[in-house]
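Participant: Feature table excerpt (Swiss-Prot):
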REGION    1-390  region 'N-terminal catalytic PFK domain 1'
BINDING   G25, R88, C89, G118, D119, G120, S121  ATP binding site
BINDING   D119  Mg(2+) binding site
BINDING   S164, I165, D166, R201, M208, G209, R210, E264, R292, H298, I299, Q300, R301  substrate binding site
ACT_SITE  D166  active site, proton acceptor
REGION    391-404  region 'Interdomain linker'
REGION    405-775  region 'C-terminal regulatory PFK domain 2'
BINDING   S537, M538, S539, N540, N541, Q582, G583, A584, D640, H672, F673, Q674, Q675  beta-D-fructose 2,6-bisphosphate binding site
Amino acid sequence: MTNTILDTYSSRRKPRRIGILTSGGDAPGMNGAIRAVVRTAIQNGCEAWAIHEGYEGLIQGGAMMHPLYWEDVRGFLSRGGTLIGSVRCDRFREREGRLQAARNMVLFGIDALVVCGGDGSLTGADLFRSEWPELLNELVSTGVLTVAQVAPHQNLNIVGLLGSIDNDFSGTDATIGCYSALTRICEAVDAVFDTASSHRRGFVVEVMGRHCGWLALMAAIATGADWLFIPERPPRDGWEDDMCSIITKNRNRGKRRTIVILAEGAQDSNLDRISSSAVKDVLSKRLGLDTRVTVLGHIQRGGSPCAYDRWLSTLQGIHAVKAVLSMTPESPSPVVIIQENRIRTSSLAETVALTKEANASMHAKEFEKAATLRDPEFMEYHSAYRHLNTSDHPKMVLPEDKRMRVAIIHVGAPAAGMNPATRAVVAYCLTRGHTPIAIHNGFPGLCRHHDDTPGSVREMHWLESGDWINDGGSDIGTNAGLPLDDIETTAQCFERYKFDALFVIGGFEAFTAVSQLRKARKQYLAFRIPLVLLPASMSNNVPGTEYSLGSDTSLNTLVYFCDVVRQSASSSGHSVFVVEAQGAEYQATAAALAAGAMTVYTPERGITLQSLSNDIEYLRQQFSKDHGANRSGKLIIRNDQTSTIYSTTEIANIIKHEAKNRFDAQGVVPGHFQQGGKVSPIDRIRAFRLAVKCMEHLETFAGQSPEEIMNDENSATVISIKQSRILLLPMGGPTGVEATDTDWKRQRPKTQNWLEIQEAVDSLSGRSSLYAIPN
């Protein structure tokens, strides 16, 4: 392509051109970011340009840089890696390379860049912007470009997206790709469980993460690993003895497998590397364990992104374009982050500087400082893991007068996360000297079968729940029955078995149960004990919290189902699938965003004949312009409570009838499949942390009188995730959750923090207010 032809790109006044590139190591979710940037740019009257192979494409120019249109990014959401390529470009580190990149930016008329990558990629981006005026001056002074060519491009806007499986950036809760990588690790370790147990083997599993131990720490928690090595927390001298002691105790309890998780950057306090082979040798020689080493390697980067990475990359991509359009010449380059569970922007330079400071702190042996600069929850997770992994330690056991008989009960529909949470409660209780007691099959089980043999009220032991780390459903049984169904017998059982605290896990029914017990304290002395609710519901509808256990597992299951259905729809050509989703509005809306659905029908929105007619007309427009294009199948998600008239089947039939043979439509119902199988890593690690927090709260009431407990509003609480904060909120009182955030009629919170997602679903499908594809 000649300079004369290229000149036309900058000489004609066109809409703003926003370039998107991915650089450094690939991460699942990058394609979701590309899709969001492209379609949001088009929605805002801009052009989106792909720059292939990262900064190398920016330097080479030519065919490496081209526009992306609306349909070009169809199907991107479910694809792993990056479809526009990524390389580690040494040439961009040199000024000559950046000079060539600036030349191509001007010639192609691109005046804004969205860069998705790691710290090296974003450091290069910030340097590129700071040098931009000098680079243009040099290109003009050397005759490479003319004053007229560079005049429209005096300012360069750059926005960063954090794409890294390592989650090694400071100041953000998560990076694009980190939870998908964690999912790959957990899938691999879950598979190792079977062979390890069969042969009573030990496995040392080495995971990626460079100098950051986030992946290793979360994998250790999510798989119940016996021991953990991370660079931020090097083991003390003599770690071999400590590790062997813990593993020996676990083996003596009857555990058949041993799992050790080791970060690839693991080191001791002298910064000497701890290798997986060295750990294997310790286990083999000292304990005589048949031990294997499994280095997961690049398998962690691959595969389809999990639901979290899909919606994170999508919302951050949307935010990146908005940031570009709102920037002034004086604005510092921003980076889009997620902080306190909200999408925000921060200073790119400061974020990179803090990340480098964390790495420098480790090299300086300032491990405490390095750990505090990681993910905000890093320290708490590590502390909780360490405490629960050192059961029988004399320093952890409480005095006799502080020990409690803690009853554990599951209430409501089964939800993934119930078992891992129960496992964590049991482990914590045994570590601290408490007695964990399982109430089987909910309140009806307590009332009807506590006298049976075996009874429904049974003490739990360490080995009994040891393998529940990834089990879905409820192994102690759950039931929707409530205390008021038989309040007299419930009180008698509480008194008979001398419960000192009640740990309730479940959804809105569990919330109702705790409310009933709290209100019945005036009549029944047995209920004057601390009560705590850990929300677990695929519907994510427990008042007071933004997150319930099981909702992530269910969402991933539904998204996988939608991916398979979409594949069928696309293979068949012009097909529409209407998928019915359980789990209140949250599941349908979040799945629509993560699966790239055309639209979502929820009770909040409702559905009318007019809105359905508009959507059918939109489908006609879409299919008429496809002309046999690939991946042309469409997806509509409908919550099962949306309408009693317009059922999933009815909607599909109406669409099919109105299509008049131009396209097909079918309704599909995943049903209870949506509850999921194995628990997702996010549900596992949150179950662990929330269970520990709940137990720490219950311990504060040890030794108090029944009257003191009854008069303390914090003695009946629900644990809540609000933004990224974990709070224990009182159920009762004028400012309690029951009064301020409970919609009893609809069985959900009054505050719905995820409703803004619906706008993103419509925007990225092209189904905006006029139901027309943007030109």
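Heads up, the Cβ atoms here are built off N, Cα and C, so glycines get one too.
Quantities reported herein were computed from a predicted structural model and do not represent experimental measurements.
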Participant: In whole Å, how far does the CA atom of S539 (beta-D-fructose 2,6-bisphosphate binding site) lie from that of S164 (substrate binding site)?
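Facilitator: S164 (substrate binding site) has its Cα 30 Å from the Cα of S539 (beta-D-fructose 2,6-bisphosphate binding site).
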Participant: So which residues does the region 'Interdomain linker' (391-404) touch in its own chain, when a touch means Cβ under 8 Å and the partner is 6 or more beyond its ends?
Facilitator: 249, 427, 430-435, 462, 500-501, 698-699, 702-703
Participant: Where the distance is taken from Cα to Cα, which of the binding-site residues R88, C89, N541, D640, F673 turns out closest to I299 (substrate binding site)?
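Facilitator: It is R88, whose Cα lies nearest.
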Participant: Reported as an integer number of Å, what is the Cα distance between F673 (beta-D-fructose 2,6-bisphosphate binding site) and S121 (ATP binding site)?
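Facilitator: Cα-Cα, rounded: 41 Å.
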Participant: Including all protein chains shown, what's the count of other C-beta atoms within 10 A of the C-beta of G583 (beta-D-fructose 2,6-bisphosphate binding site)?
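Facilitator: The Cβ of G583 (beta-D-fructose 2,6-bisphosphate binding site) has 28 Cβ neighbours within 10 Å.
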Participant: Which one of the binding-site residues (R88, R301) has its C-beta surrounded by the most other C-beta atoms within 10 angstroms?
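Facilitator: Answer by Cβ density within 10 Å: R301.
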Participant: Given the ATP site residues G25, R88, C89, G118, D119, G120, S121, which other residues of that chain have a Cβ within 8 Å of the mean position of their Cβ atoms, reported in sequence order?
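Facilitator: For the ATP site the neighbour list reads S23, G24, G54, G117, G124.
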Participant: DSSP on the region 'Interdomain linker' (391-404): how many residues come out helix, how many strand, how many coil?
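Facilitator: When I sort the residues of the region 'Interdomain linker' (391-404) into the three classes, I find 3 helix, 0 strand, 11 coil.
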Participant: Cα of S164 (substrate binding site) to Cα of S537 (beta-D-fructose 2,6-bisphosphate binding site): how many Å, rounded?
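Facilitator: One finds 30 Å between the Cα atoms of these residues.
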Participant: Can you grab the distance from R88 (ATP binding site) over to R301 (substrate binding site)? Cα atoms, rounded to a whole Å.
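Facilitator: Roughly 16 Å, rounded to the nearest whole number.
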Participant: Sorry to bug you, but what's the C-alpha spacing from S121 (ATP binding site) to D640 (beta-D-fructose 2,6-bisphosphate binding site), rounded to the closest Å?
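Facilitator: Given the Cα positions, D640 (beta-D-fructose 2,6-bisphosphate binding site) is 44 Å from S121 (ATP binding site).
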Participant: Ten-angstrom check, please: count other Cβ atoms within 10 Å of the Cβ of S539 (beta-D-fructose 2,6-bisphosphate binding site), all chains counted.
Facilitator: 24
Participant: Between the two most separated Cα atoms in S164, I165, D166, R201, M208, G209, R210, E264, R292, H298, I299, Q300, R301, the residues recorded as binding substrate, what distance in Å do you get?
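Facilitator: Farthest Cα pair among residues binding substrate: 33 Å.
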Participant: In terms of Cα spacing, which of the binding-site residues D166, R210, R301, N541, G583 are within 10 angstroms of D119 (ATP binding site)?
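Facilitator: The binding-site residues passing the 10 Å Cα test: none.
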Participant: Between G118 (ATP binding site) and R210 (substrate binding site), find the distance joining the two CA atoms and give it rounded to the nearest Å.
Facilitator: 12
Participant: Max Cα-Cα distance in Å among S537, M538, S539, N540, N541, Q582, G583, A584, D640, H672, F673, Q674, Q675, the residues listed as binding beta-D-fructose 2,6-bisphosphate?
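Facilitator: Across S537, M538, S539, N540, N541, Q582, G583, A584, D640, H672, F673, Q674, Q675, the two farthest Cα atoms sit 19 Å apart.
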Participant: What's the longest C-alpha separation between any two of G25, R88, C89, G118, D119, G120, S121, the listed ATP-binding residues, in angstrom?
Facilitator: 14
Participant: Which of the three DSSP states, helix, strand or coil, fits R292 (substrate binding site)?
Facilitator: strand
